[in-house]
Amino acid sequence: MVDVTPHGADLIPPAEVGEMDLYHPHSWWTKYVFSQDAKVIAIQYSGTAMAIGLVALVLSWLMRLQLGFPGTFDFITPEAYYQFMTMHGMIMVIYLLTALFLGGFGNYLIPLMVGARDMVFPYVNMLSYWIYLVAVLVLVSSFFAPGGPTGAGWTLYPPQAITSGTPGGQDWGIILMLVSLILFIIGFTMGGLNYVVTVLQARTRGMTLMRMPLTVWGIFTATVMALLAFPALFVACVMMLFDRIIGSSFFMPAMVEMGEQSPHNGGSPIMFQHLFWFFGHPEVYIVALPAFGIVSDLISTHARKNIFGYRMMVWAIVGIGALSFVVWAHHMYVSGMHPYFGFFFATTTLIIAVPTAIKVYNWVLTLWRGDIHLTLPMLFALAFIVTFVNGGLTGLFLGNVVVDVPLSDTMFVVAHFHMVMGVAPIMVVFGAIYHWYPKIIGRMLNEAMGRFHFWVTFVGAYLIFFPMHYVGLVGVPRRYPELGDTAFIPPSVHTLNEFITIAALTVGFAQMVFLFNLFWSLRNGKDAGDNPWRATSLEWQTAGTPPPHGNFGKELPVVYRWAYDYSVPGAPEDFIPQNDPRPATQGGPA
Amino acid sequence: MSVILVFLALITAIAGWWLSRQRLMSKPWLEVGPVTAFPETEAPIMHPAKIGLGVFLAVVGALFALMISAYFMRMVYADWQAAPVPQLLWLNTAMLVLASVALQCAVVAAHKGQRDNLRLALLAGALTSTVFLGGQLLAWRDLAAQGYFATENPAVSFFYLITAMHGLHIIGGLVALGRTNVRAWRGESSAHLVLSTELCAMYWHVLLIVWLVLFAVLMGWAADFIDICRRLLS
């Protein structure tokens, strides 16, 4: 470690960051319920997201029961199956993953990691959560509406989404779904403004952009993308709501429905697909980039080694963010597009694999000759890398038009998608919870339950999704509630389906253990202390654990180094906190 | 989708310009000490609310760019019949221009501390904007009276959707402008008032630009322009 100042930049005192006027709560209600403290809002976001995620988990069991043992359960009719599928997909992607990564981790970690007292617009931040909660409640209310929730599939493709043959199409289901999405987007925009402006404006002294932990880079870039991508979903939802309620024809072509000429005329369903996927593809990276950032920090901390290629990691995050806006049509290869159009999007899709691969190499090189501690966060981080590589490889298959066209409507896509966007980010969510729970609560999560949870989830996820690839390659179509007697489907598929169902129920059970652990450790966990992982970034250097209102003590911390000073040669300790002013040889905590 | 891609290219250019000043090439692992880079030490710190509004306006821009994208995507179908545009829109446009001018005067007055002028200009801005909204409603009535309802054909649906969306944004802005007006009449602290006035003016200017683009699209000029561009390229 050499202490070098960059060329031309002598010891200029860093810009003073003004102290913000904190809102101080005066009653129990404003402290814990209508709170403007980002940390409380983060916990509210996470709790709500996990609660609705639990609903989606149960829906996936019901679907698997139907696929594994068709006809055994009377209440799972084909209509109900489609409703379960739609709600499972929509909840998991938007109401769980997006809300948890940005609303949950974003709110908790951004102010702490950049050294701010709170978000810059705390009131707007509070509104963001309450609108999100209303969106979730509207979504849940569709389960109780006449006709039940919509069964249009999570992509809500018109015209079928609002025709009478689809569950909820001519009832309340689709309306409540669209209203809920519109509310979610409004609420998210409010939160998103906060995350972006806090990173831009509220960093503490010395915290240059290139000294920020990668977690913040990931969440920041994902938020910028989400702010630009969600309007596409917003427009699509508003236009479909017009079609459904006042009978306009944005997406609805002229067609005969139930023997009658429908009132619609001249709409374009393809237009919906363009709008939806213009949001839908960036959405994949809106979930993935925070996961990338968090996993980089977990690996570096628990391997006691600086992240390999920090600059490259930052550039890759920004590059992926920009590129992800020009790949959307690879979801539409089967919609009958111009061959050159498909060629263009196949090329951009394969190009985006380059920065992604750079990140994977850098994670592996960070582990190389590191002092790897197989703690729970590290186990989940390793599971993420493996799963992400697996899911990413099948992404290369599906990114090519000629391979995608035959596979597009099979279970292969379901397997690919769940590996890369379901299991992989969820592994990071678990790793991050095991990593930061000690900071949020002040106690460690139970280790034995955690290891049980990890192994069952990790091995179980592979038992579920590896066979599913094979099932898809054999040609089993997705979206079918029941296969029936079909000549080209061998008996092994039925056996495998039963096997997958049993594995899915087992993995689901392990999640109950995890939830129990969350509550059990509130009181019974080991005392964590301020910095149990001996980590460098600012959230571990707060004035107490859990961090008090205002996060830091009287003075905001001043940052003297990057977030990855682990195992610095000559330093007395194997980590140097970011706010430690001493040179490396004398540095480290006293 | 070309319109939204052009818009995103613009945003990317701005973001790229900003990132290029953030020393992304620096090697943070070698730089220990309280040193920070030039931009951070020299750049005057803008008020967070202004940055926040700027980011929000980028989101609004994306929203309208997407709507225009959808409009053009639908336009190329053979059965497209452009809606007749009420002549009243010209007057409404003039009103919105006046509102923007008034709010710019308000900013100047706020900086000079001329309280009376500020009150007058803020009030004028709010009134002209309300007249604009009323005018838009009349234009809708005009169109409906000719028998063009939102379900008539896609072009008419788009007209109602786009004007409604823009109108809702003006209504949202009027809430903030109304509060600024109240503050100005109460005579609150001037620093706060200057900021609110500047934010209102910024919002109105952008919504005016958005409206001018939407107006060009609805009148069909934008399509002609793109047609000419396409011919020049091919």
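Numbers run from 1 along the shown chain.
Glycine residues also receive a Cβ, built from the backbone N, Cα and C atoms like all the rest.
According to TrEMBL, the feature domain 'Cytochrome oxidase subunit I profile' maps to A:23-560. Annotation comment: TrEMBL describes A:40-62, A:82-110, A:130-152, A:172-193, A:214-242, A:275-296, A:308-328, A:340-364, A:376-399, A:411-434, A:454-473, A:499-520 as transmembrane segment.
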Using a Cβ-Cβ cut-off of under 8 Å, list the residues of the same chain that are 6+ residues beyond the ends of the transmembrane segment (A:308-328) and lie near it. 210, 214, 217-218, 221-222, 224-225, 228-229, 274, 277-278, 280-282, 284-285, 288-289, 292-293, 296, 345, 348-349, 351-352, 355-356, 358-359, 362-363, 365-366, 368, 562, 564
If we skip the immediate neighbours and take only residues 6+ beyond the ends of the transmembrane segment (A:40-62), which ones have a Cβ under 8 Å from one of its Cβ atoms? 31-32, 73, 76, 80, 84-85, 87-88, 91-92, 95-96, 99-100, 103-108, 125-126, 128-129, 132-133, 136, 139-140, 440, 504-505, 508, 511, 515
Within the same chain, where does the transmembrane segment (A:214-242) have neighbours whose Cβ lies under 8 angstroms from its own Cβ atoms, ignoring anything closer than 6 residues to its ends? I mean 6 or more beyond. 98, 101-102, 105-106, 109-110, 113-114, 156, 158, 161-162, 174-175, 178-179, 181-182, 185, 188-189, 192-193, 195-196, 199, 248, 250-251, 272, 275-276, 278-280, 282-283, 285-294, 296-297, 307, 310, 313-314, 317-318, 320-321, 324-325, 537, 563
Counting Cβ pairs under 8 Å that are 6 or more apart in sequence, does the total for the transmembrane segment (A:411-434) and the transmembrane segment (A:172-193) reach three or more? no
Other parts of the chain folded back onto the transmembrane segment (A:340-364), taken as Cβ under 8 Å at six or more residues beyond its ends: 292, 295-296, 299, 307-309, 312-313, 315-317, 319-320, 323-324, 326-330, 333, 385, 388-389, 392, 395-396, 399-401
Can you work out which residues elsewhere in the same chain, 6+ from the ends of the transmembrane segment (A:275-296), have a Cβ less than 8 Å from its Cβ atoms? 93-94, 97-98, 101-102, 105-106, 155-157, 213-219, 221-222, 225-226, 228-233, 235-236, 239, 307, 313, 317, 320-321, 324-325, 327-332, 359, 362-363, 366, 381, 384-385, 420-421, 424-425, 428-429, 431-432
For the transmembrane segment (A:172-193), distant same-chain residues with Cβ under 8 A (at least six beyond the ends): 83, 86, 90, 94-95, 98-99, 102-103, 106-107, 121, 124-125, 127-132, 134-136, 138-139, 141-142, 145-152, 156, 161-162, 166, 223, 226-227, 230-231, 233-234, 237-238, 240-241, 244-245
